[in-house]
């Protein structure tokens with residue numbers, strides 16, 4: 001499923017959760033009523049939560065939530081989630097990579113082992129085959145360790161999240 005489809009579905013879920021009168025649009029009043037219901041009639045907490053959510057989503061402060069405003073909120077939320085999970089996901093990526101490419105089982109990849117990763121995807125990463133060492137091999141020992149791989153995968157995930165957020169939704 002592509003990113004725009006996911007964002008569209010998130011927006012639809014948002015509208016379904018907060019559009020209590022089912023008129024197809026979400027206003028700050030809809031948000032307030034939804035929170036009031038979820039907070040068992042606690043006016044103070046509902047007002048507070050509404051204020052926080054509205055100040056986060058309603059960028060033009062008109063009391064209404066456009067598709068673009070809700071989609072931007074969903075993209076930013078997804079970016080934060082990716083960033084929070086980047087460390088754990090990177091470790092899983094590293095484990096999978098080591099299982100497949102660490103032929104001598106020394107828990108690090110030689111230049112040859114590392115380049116197999118890229119060849120398996122149909123390309124060589126750089127015109128200068130040693131350039132990966134300059135980028136990933138932080139301790140300059142000629143091999144890529146678990147920690148170096150984890151940092152590399154983590155950075156790739158965070159860069160991806162940043163790119164998604166910067167590009168934003170197609171409105």
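Backbone N, Cα and C atoms are what each Cβ position is placed from, and that goes for glycine too.
Here the structure is a predicted model, which means the values were calculated and not measured.
According to Swiss-Prot, the protein carries these features:
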| type | residues | note |
| --- | --- | --- |
| DOMAIN | 6-41 | domain 'EF-hand 1' |
| BINDING | 19, 21, 23, 25, 30 | Ca(2+) 1 binding site |
| DOMAIN | 57-80 | domain 'EF-hand 2' |
| DOMAIN | 89-124 | domain 'EF-hand 3' |
| BINDING | 102, 104, 106, 108, 113 | Ca(2+) 2 binding site |
| DOMAIN | 130-159 | domain 'EF-hand 4' |
| BINDING | 137, 139, 141, 143, 148 | Ca(2+) 3 binding site |
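Features recorded in Swiss-Prot, as mapped to the structure shown.
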residue	record	DSSP (3 states)
19	Ca(2+) 1 binding site	coil
25	Ca(2+) 1 binding site	coil
30	Ca(2+) 1 binding site	helix
104	Ca(2+) 2 binding site	coil
113	Ca(2+) 2 binding site	helix
139	Ca(2+) 3 binding site	coil
Next item on the list: Filter the binding-site residues 19, 23, 30, 102, 104, 108 down to those whose C-alpha lies within 10 angstroms of the C-alpha of residue 148 (Ca(2+) 3 binding site); answer none if the list is empty.
Entry: 108
Checklist line | residue 108 (Ca(2+) 2 binding site) and residue 139 (Ca(2+) 3 binding site), Cα-Cα, nearest whole angstrom | finding: 13
Margin query: Under 8 Å between C-beta atoms and at least six apart in sequence, can you list the same-chain neighbours of residue 108 (Ca(2+) 2 binding site), or say none if there are none?
Written below: 102, 143, 144, 145, 146
Margin query: Given the binding-site residues 106, 113, 137, 141, find the one whose Cα is closest in space to the Cα of residue 30 (Ca(2+) 1 binding site).
Written below: 137
Next item on the list: Quickly jot the same-chain residues contacting the domain 'EF-hand 1' (6-41) by Cβ under 8 Å, restricted to those at least six beyond its ends, or write none.
Entry: 47, 49-50, 53-54, 58, 63-65, 67, 70-71, 73-75, 77-78, 169
Item checked: Between residue 113 (Ca(2+) 2 binding site) and residue 137 (Ca(2+) 3 binding site), the C-alpha gap once rounded to whole angstrom -> 13
Notebook entry, point to check: In whole Å, how far is residue 106 (Ca(2+) 2 binding site) from residue 137 (Ca(2+) 3 binding site) when you measure between their Cα atoms?
Noted result: 16
Note to self: Please count the residues of the domain 'EF-hand 2' (57-80) that DSSP assigns to helix (H, G, I), strand (E, B) and coil.
What the structure shows: 15 helix, 2 strand, 7 coil
Margin query: Can you give me the average pLDDT across the domain 'EF-hand 4' (130-159), rounded to a whole number?
Written below: 83
Item checked: For the Ca(2+) 2 site built from 102, 104, 106, 108, 113, further residues of that chain with CB within 8 A of the site's CB center -> 98, 101, 103, 105, 107, 109, 110, 143
Next item on the list: Which residue among the binding-site residues 113, 141 has the fewest other Cβ atoms within 10 Å of its Cβ, if you could check?
Entry: 141
